[in-house]
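Novice: Have a look at this one before I ask anything.
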Amino acid sequence: MGGKHDISRRQFLNYTLTGVGGFMAASMLMPMVRFALDPVLKSTGKQDMVQVVSVDELTKEPQRFDFKINQVDAWYESEESRSAWVFKNGDEIVALSPICKHLGCTVNWNSDPKNPNKFFCPCHYGLYEKDGTNVPGTPPLAPLDHYEQEVKDGFLYLGKAKPKGEG
């Protein structure tokens, strides 16, 4: 019924080496493909919001609030400390990151007597206006980041810090 199909030694080795070579090439290319597609495959879900302060405690003067977030890095989970300068600007709540956009130092509110009512970075004399905008002629080239925020049940919840105008 069916004829015997003989395969030569040369064809057998050719098929075997092609198969093994293809498997090895695929195993080398797979990490590169995964690396290239990783940003596309990441979830774009909103970061967990953390309760920081009661809205009733906020004033027109910026106040620093410290809070902690849970950070998962592969198999390692840790608690990371964060800070925010928070104040009311009319009906709006403003939450700014205290990280200077020049070299990553921490800014303070109203701490430089020569420049009152400004955020001041003591490392390289960087200045920011109350709304987080960088003062021209000082080292920072970008405004302070703004935190994602949400008010729920009378409390302010903060998420991820993003550059001004983004989000």
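Including glycine, each Cβ sits where the backbone N, Cα and C put it.
Not my notes, these are from Swiss-Prot:
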{"type": "DOMAIN", "residues": "59-158", "note": "domain 'Rieske'"}
{"type": "BINDING", "residues": "Cys100, His102, Cys121, His124", "note": "[2Fe-2S] cluster binding site"}
{"type": "DISULFID", "residues": "Cys105-Cys123", "note": "disulfide bond"}
Novice: Taking only the Cα atoms, work out how far Cys100 ([2Fe-2S] cluster binding site) lies from Cys123 (disulfide bond), in Å, as a whole number.
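Specialist: Their Cα atoms are separated by 10 Å.
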Novice: Only counting partners 6 or more residues apart, tell me which same-chain residues put their Cβ under 8 Å from the Cβ of His124 ([2Fe-2S] cluster binding site).
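Specialist: Expected: His102, Leu103, Cys105, Pro139.
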Novice: Return the residues near Cys123 (disulfide bond), defined as same-chain residues 6+ apart in sequence whose C-beta is under 8 angstroms from its C-beta, sorted by sequence, else 'none'.
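Specialist: Spatial neighbours, sequence-distant, of Cys123 (disulfide bond): Cys100, His102, Leu103, Cys105.
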Novice: So what's the average pLDDT for the domain 'Rieske' (59-158)?
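Specialist: Over the domain 'Rieske' (59-158), the predicted model scores a mean pLDDT of 84.
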Novice: Just counting, how many other CB atoms are there within 10 A of the CB of Cys105 (disulfide bond)?
Specialist: 17
Novice: Residues with Cβ closer than 8 Å to the Cβ of Cys121 ([2Fe-2S] cluster binding site), same chain and 6+ apart in sequence?
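Specialist: When sequence neighbours closer than 6 are ignored, Cys121 ([2Fe-2S] cluster binding site) has Cys100, His102, Cys105, Thr106, Val107, Leu127, Tyr128, Pro139, Pro140 within Cβ distance under 8 Å.
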Novice: Among Cys100, His102, the binding-site residues in question, whose Cβ has the most other Cβ atoms within 10 Å in this structure?
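Specialist: In terms of Cβ crowding, the pick is Cys100.
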Novice: Quick check: with Cys100, His102, Cys121, His124 left out, which same-chain residues have Cβ atoms within 8 Å of the centroid of the [2Fe-2S] cluster site Cβ atoms?
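Specialist: Here the non-site neighbours turn out to be Lys101, Leu103, Gly104, Cys105, Val107, Cys123, Tyr125, Gly126, Thr138, Pro139, Pro140.
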